[in-house]
């Protein structure tokens, strides 16, 4: 009986997630653990799913997960039906309130999501073009260094391991930063100043890495 009550509580929490708006505030609430129960459910379910995918195929994980949920809901439905027959009550379908939820996406929300996605894709393509075609030599060199580091990371970890590490970091690093913001900012500012100094020295040593002033270009055109 306790397990069936946990199933009902889990469904109630899912209903609360349905009512949460898909915005920046709701995402921050999850990754900063404002509500421990909701964040714990999302983190636990996501981590278990990713670990399962790393061991089995996506189809198998989907099938087993769906069978587990279906078995729980069928058992709970049968249990409630038996209890209603014994107690001679007419409570109706135990999942009626969840069946009545409107799961359709509004056209405005779809257009908003599509617009945000297109903006990010366009920005990414423009940045890749700028880096690969060496609009700024220093930026392209820094991008090349990052790619070199990624080759070593790829040799140490596979793609699924990196996804799991990124997911765990999403739910841990923001909270760690929030609790130690002052000391972390001090070290970050120090690192930024060092990087800025090195970048300036490279730009001074490589004139091609600096862009011509707009005023100078306009005088040349005249």
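We count from 1, first residue shown onward.
Cβ atoms here come from the backbone N, Cα and C positions, even for glycine.
Unlike curated records, TrEMBL annotations are generated automatically.
When the ranges 16-40, 41-65 are checked against TrEMBL, the one recorded as transmembrane segment is 41-65. Per TrEMBL, the range carrying the annotation transmembrane segment out of 112-142, 143-173 is 143-173. Averaged over the domain 'Reticulon' (27-222), the predicted model reaches a pLDDT of 85.
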